[in-house]
Amino acid sequence: MYESMKMSVEHVVETGKISEEYNTSDEVRLVFSQRSIDGFTRQNHPTVIQVLLDQNKDKDITGNCLPNLVYVSRQKSKTSPHHFKAGSLNVLVRVSAAMTNAPVILTLDCDMYSNDPTTPLRALCYILDPEMQSNLGYVQFPQEYHGLNKSDIYACEHKRFFKVHPVGYDGLCGPNYAGTGCFFRRIALCVGPSTLILPEIDGLCPDSVVNKPLTAPSVLELAHHVAGCNYENQTKWGSKIGFRYGSLVEDYYTGYRMKCEGWRSIFCYPETAAFLGDVPFNLLDALSQNKRWAIGLLEVAFSRYSTITFGVKSMGLFMGLGYSYYAFWAILTIPITTYCLLPQLALLNELSIFPKVSDPWFLLYMFLFLGAYGQDLLEFVVDGGTIQRWWSDQRMWIMRGLSCHAFGLTEFVVKSIGIPTEGFNVTSKIINDEESKRYEQGVFEFGVPSPLFVTLTMAAIINLLSFIVGLVHFIVDGGSNKEGLVMQLVLTGLIVMNCLPVYQAIALRSDKGKMPTKTTVTATLLASAVYVVASLFLK
């Protein structure tokens with residue numbers, strides 16, 4: 001039924017008319033025939049709502065009632081903002097309120113599916129607990145994936161964000177909303193626990209009772225009305241009610257604002273994964289996804305609801321600082337870029353910037369270096385990770401800092417001063433057989449040219465050149481400065497090891513997944529320019 005409906009919708013989008021082969025039922029005529037379909041496109045079309053299953057009518061082969069299943073495509077217009085995923089979620093909140101007004105809402109990304117049928121019962125144990133009901137807003141399950149290769153080469157698991165940190169937040173006001181695998185109380189999206197903010201229509205209020213069938217004309221009329229692209233004008237949807245607008249990371253922003261309003265959340269982490277999803281299968285998609293997150297988080301960090309001011313005031317110091325850790329995530333590009341370039345350029349010029357091995361201060365540097373990596377490894381392994389995946393996580397930490405964080409920070413600054421930037425991009429989860437085979441083998445996939453690869457390749461070239469030249473100087477003519485160059489050689493060698501997939505893609509591979517030539521040439525020229533300027537400055 002769904003596939004048939006999908007084909008009819010896509011046919012209308014492509015042709016602008018309904019042919020007789022698809023106009024086969026009263027439901028299809030109800031959806032399309034009463035509306036003008038001139039100029040019906042993905043960006044410009046009326047609301048489409050179709051009841052595929054009605055629990056009062058449809059039964060399975062054993063005679064038991066099937067659950068309601070309703071297809072909703074909100075109205076789109078090129079002249080009205082649609083607020084991306086947050087706008088879509090708010091339409092679903094309103095349409096579901098008009099049709100059933102169930103008190104619990106589950107949000108899932110389109111690439112995720114249920115892995116455990118007892119998951120709703122786990123969530124209800126918290127939602128129905130009378131000791132928690134007064135201020136419990138949602139129950140968040142960890143975001144987990146199927147299809148990860150053995151090494152998780154793109155570090156898509158994000159173990160700290162989705163598993164380690166939420167356990168800690170659970171001891172405060174609860175974890176943040178991760179965008180999927182989350183059970184909301186409908187009342188938490190419509191009002192504050194202490195301040196009453198009701199929707200503009202009584203039929204959308206959390207305590208409203210729907211006692212009419214799904215297909216009743218009045219129910220469908222209200223559902224179509226609240227799915228209109230101009231319905232939210234002059235209302236509080238997106239600002240005080242529903243999922244919040246103002247950031248590309250609507251999940252982080254919505255959870256953050258709900259915490260500021262007084263709601264708390266629960267992290268439910270069962271042994272069996274509640275939901276499983278897909279991950280990006282090439283480096284460009286992984287970096288593009290993180291760049292989008294970086295921009296969205298900065299939009300929150302520098303808004304009127306900044307985590308460092310409004311957040312600390314509303315939630316307390318610890319939760320405010322916890323949210324700030326994410327909000328200012330992209331600024332990590334500054335220390336990471338410094339970490340990956342400054343010691344290396346100084347090494348090329350035989351300049352020591354760290355204490356000598358015989359200096360007592362060297363012990364402090366080694367303690368901080370080994371202690372930080374040791375703690376990070378311990379946290380990762382204790383939560384069920386492997387050393388191999390931890391190494392991938394460390395490698396991607398550097399790659400993100402040099403690419404998507406840098407570009408995200410730059411794009412945010414450019415956008416803030418009024419210069420237009422590229423729009424929202426959805427991360428692709430579709431792969432071909434060659435990409436799938438390389439991913440399973442743990443081989444990086446580059447293939448398509450992108451500016452995100454330029455800075456990464458530039459840093460890889462500078463580090464390799466610095467390590468070779470520095471090692472030669474250290475062995476041949478290091479003289480009295482040998483002890484001062486040890487730490488720089490260690491750091492440079494560590495980054496060279498992290499960049500091995502980049503070197504392989506530049507020089508050794510012949511398949512379609514190798515580093516694009518244009519990217520390599522641009523990065524080489526940029527690395528040469530950086531070296532010349534840095535050499536003049538250091539001298």
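Every residue gets a Cβ built from N, Cα and C, even glycine.
Worth saying up front: this structure is predicted, and the values here are computed from it rather than measured.
Feature annotation from TrEMBL assigns Mn(2+) binding site to LYS85, ASP109. Under the heading transmembrane segment, TrEMBL lists 323-342, 362-382, 452-476, 488-508, 520-538.
The stretch from 323-342, 362-382, 452-476, 488-508 that makes the most Cβ contacts under 8 Å with the transmembrane segment (520-538) is 452-476. Same-chain neighbours of the transmembrane segment (452-476): 283-284, 287-288, 291, 337, 340-341, 344-345, 347-348, 350, 399, 402-404, 406-407, 446, 482, 485, 488-489, 492-493, 495-496, 499, 502-503, 506, 515-516, 519-520, 522-524, 526-527, 530-531, counting only residues six or more beyond its ends whose CB sits under 8 Å from a CB of the stretch.
If you draw a 10 Å sphere around the CB of ASP109 (Mn(2+) binding site), it holds 17 other CB atoms from the protein chains shown. A C-beta separation below 8 Å, combined with a sequence spacing of at least six in one chain, links LYS85 (Mn(2+) binding site) to GLY179, PHE243, GLU250.
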